[in-house]
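**Q** The structure that follows is given in the form of structure tokens.
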Amino acid sequence: MHVMKHSGWVELICGSMFSGKSEELIRRVRRSTFGRLSVRVFKPAIDNRYAEEAIVSHNGATVVAHPVERSEDILYSVDDDIDVVAIDEVQFFDDNIVEVIQELANAGHRVIAAGLDLDFRGEPFGCVPKLMALAESVTKLSALCPICGSPATRTQRLIDGKPASYDDPVILVGASESYEPRCRHHHEVPNRPKNVETPDYLKSKQ
């Protein structure tokens with residue numbers, strides 16, 4: 001996309017853990033910087049796995065970022081002369097983050113957001129589904145399942161090497177020792193409630 005004065009939009013990068021979301025966000029930030037654009041990068045303060053004031057991808061790429069407690073703090077930190085606003089781990093922000101991103105784009109900023117589209121249960125995660133609907137551009141990334149090598153679109157939470165229960169808290173920031181990517185077939189969530197009864201025509205195939 002070509003940046004035009006007074007023209008803003010939203011780009012969303014989503015997928016499972018270890019799919020390269022942060023790496024792709026960092027790549028776009030660096031490309032914007034090389035193009036002499038003014039960039040401001042943000043991350044939720046809760047995400048302090050590798051650094052307090054930086055985004056660090058799993059492959060070691062890094063970029064300086066401002067940690068914020070509330071989504072509204074992003075608005076107060078973005079001046080009119082900022083061309084690009086990048087936000088990592090967007091799923092960890094409060095519910096107002098969608099309106100904040102919309103306001104930034106409407107004001108003429110290019111907004112790049114990255115986050116998990118599904119939580120460890122395999123269910124839509126926070127604000128990300130809404131952002132997928134509102135964004136001008138959506139890039140959905142996947143990893144590889146370590147069990148079978150198929151595309152991994154889910155994030156498996158492991159506690160002491162075993163799949164976490166459905167009843168566990170949704171937000172629990174971790175790294176490689178706590179999570180791994182999984183395909184649909186090998187994603188396990190014990191105690192998942194069965195809300196939908198299996199149709200008769202499917203029961204015969206089980």
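A Cβ is built for glycine as well, from the same backbone N, Cα and C atoms used for every other residue.
Model, not experiment: these values are computed from the prediction.
Summarising the annotation, TrEMBL assigns ATP binding site to Gly15, Ser16, Met17, Phe18, Ser19, Gly20, Lys21, Ser22, Asp88, Glu89, Val90, Gln91. Sequence annotations record features per position, and here TrEMBL assigns active site, proton acceptor to Glu89. Residues annotated as Zn(2+) binding site in TrEMBL: Cys145, Cys148, Cys183, His186. Marked as substrate binding site by TrEMBL: Ile171, Leu172, Val173, Gly174, Tyr179. As annotated by TrEMBL, region 'Disordered' applies to 183-206. Per TrEMBL, the feature compositional bias 'Basic and acidic residues' maps to 188-206.
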**Q** Around Gly15 (ATP binding site), how many other C-beta atoms are within 10 angstroms of its C-beta?
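**A** Step by step: centre on the Cβ of Gly15 (ATP binding site), count other Cβ atoms within 10 Å, giving 25.
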**Q** Which recorded positions are spatial neighbours of Lys21 (ATP binding site) here, meaning Cα within 10 Å, out of Glu89, Cys145, His186?
**A** Glu89
**Q** Inside 8 A of the center formed by the CB atoms of Cys145, Cys148, Cys183, His186, which other residues of the chain have their CB, for the recorded Zn(2+) site?
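**A** Checked against the 8 Å cutoff, the neighbours are Pro146, Ile147, Gly149, Ser150, Ala152, Arg182, Arg184, His185, His187.
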**Q** Restricting to the same chain and to sequence separations of six or more, state which residues have a Cβ under 8 Å from that of Tyr179 (substrate binding site).
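**A** In sequence order, Met17, Phe18, Phe120, Thr155, Gln156, Arg157, Leu158 meet the Cβ cut-off.
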**Q** When you tally the Cβ atoms that lie within 10 Å of each candidate's Cβ, which of the binding-site residues (Lys21, His186) has the highest tally?
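**A** By the 10 Å Cβ neighbour count, Lys21 comes out on top.
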**Q** Starting from the Cβ of Asp88 (ATP binding site), draw a 10 Å sphere and report how many other Cβ atoms land inside it.
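**A** Excluding its own Cβ, Asp88 (ATP binding site) sees 25 Cβ atoms within 10 Å.
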**Q** Based on DSSP, name the secondary structure state of Gly15 (ATP binding site): helix, strand or coil.
**A** strand
**Q** Round to a whole number and give the Cα-to-Cα distance in Å for the pair Ser19 (ATP binding site) and Glu89 (active site, proton acceptor).
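**A** About 13 Å separate the Cα atoms of these two residues.
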